[in-house]
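Copied over from Swiss-Prot:
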{"type": "BINDING", "residues": "LEU126, GLY130, HIS131, LEU132", "note": "(6S)-5,6,7,8-tetrahydrofolate binding site"}
{"type": "MOD_RES", "residues": "LYS235", "note": "N6-(pyridoxal phosphate)lysine"}
{"type": "SITE", "residues": "HIS234", "note": "site 'Plays an important role in substrate specificity'"}
Amino acid sequence: MTQTTASVNTQSLGELDPELAAAMAGELARERDTLEMIASENFVPRAVLQAQGSVLTNKYAEGYPGRRYYGGCENVDVVENLARERAKELFGAEFANVQPHSGAQANAAVLMSLMDPGDRLLGLDLAHGGHLTHGMRLNFSGKLYEVHSYGVSKEDHRVDMDEVRTIALGAKPKVIVAGWSAYPRHQDFAAFRAIADEVGAYLWVDMAHFAGLVAAGLHPSPVPYADVVSSTVHKTLGGPRSGLILAKQEFAKKINSAVFPGQQGGPLMHAIAAKAVAFKIAGTEEFRDRQQRTLSGAKILAERLTGADVADKGISVLTGGTDVHLVLVDLRNSQLDGQQGEDLLHEIGITVNRNAVPFDPRPPMVTSGLRIGTAALATRGFGDAEFTEVADIIATALAGGSDAETLRGRVRALAQRVPLYQGLEDWHLLG
């Protein structure tokens, strides 16, 4: 029995579980050989992979540094304190909780800390770019709270702050949420703050998508305006799949209690270590350069997708451009629906996701739009030349201007020109 246990404990993944190892090898090959343009995805640095695959996964640590419910937490206390302090410094926040396992759990904790069941919540309509946790009826947020929604105008597809104010004055919400899952423009945090103050509401900003841009100083920061800010640590931040809450100090105790024991038990210390690494990287000039390329790439993509060949096919860019890392493509007047557009690009080696557009006539599993992001390719090393090439490939594909095999060859050449995870040998994951 002892020999069997020792053998299992010391075997590599490839030796112990070849089926799983093969699936992981396939994913590594997919990421290397295709172009990842799902706006919520990114590639983590090697150091983040190392932190997540460390012995910290072994340690239970319910509670917070200095106030744990388990012994032996002296090292994980150091880890969590590093992550908290780095997050506060990076975003200029008074308080940080780095324990949420995901963005959705961070959002649940925010709402638990600020609201009681039945209280009123005002957020961006899911169909207009909001997130599930901002009041979607099947989500906990839609079931626990009385939800009111604002949207975008039919004319320019931008949030109308006069409408937000009108709805807020009528609904008198306890919490107003700004932030989005699919919206290509900056939001006016000062205007949201003024409306929240006028109606006596808390202001919560979900910056999951644009946190990396904020960290780099390339997007207006919500931190000076919001009572509470939540985020994921992946997406533009490029860290592990996980959540983060920032707040003014007066909300610290309630937020800590809402995370633990309100939403979670033991924190994932290996993930918190990976967050600490990501926050350190996000303070570097290299990271800022990456965010510059992310923005530049999105603008190049938006400009190409407004070209005559694309417009002639009834395809347009929502709001006419972008301020962030993503472009929303409107297919309502074209021969394509969102599912067909996603499949067409997948066939040539570009991964995007179909996405509803405001006032979408099609069902959510089909949609009339595409959400295309540039963060992962910027992390990979793409600059303006590469983004110009991939933008032309996408535009040509959607407009039907070339055959799939030719376009797949262009994608393959780009992937080879800017290789992914060089030096990260397969044994690191599979050996």
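Even glycines carry a Cβ here, placed using N, Cα and C.
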Fewest other C-beta atoms within 10 angstroms, as judged across LEU126, LEU132, which are the binding-site residues: LEU132
Surrounding CB atoms that lie within 10 Å of the CB of HIS234 (site 'Plays an important role in substrate specificity'), all protein chains: 25
For LEU126 ((6S)-5,6,7,8-tetrahydrofolate binding site), the three-state class that DSSP assigns: helix
Nonlocal neighbours by CB distance (under 8 Å) for HIS131 ((6S)-5,6,7,8-tetrahydrofolate binding site), same chain, sequence gap 6 or more: ASN107, LEU124, GLY179, TRP180, SER181, ASP206, ALA208
8 Å Cβ shell about LEU126, GLY130, HIS131, LEU132 centroid, (6S)-5,6,7,8-tetrahydrofolate site members excluded: GLY123, LEU124, ASP125, GLY129, THR133, HIS134, GLY135, MET136, ASN139, SER181
Fewest Cβ neighbours within 10 Å, where candidates are the recorded positions GLY130, LYS235: GLY130
Distance [Cα-Cα, Å, rounded] between GLY130 ((6S)-5,6,7,8-tetrahydrofolate binding site) and the residue listed as 'N6-(pyridoxal phosphate)lysine': 16
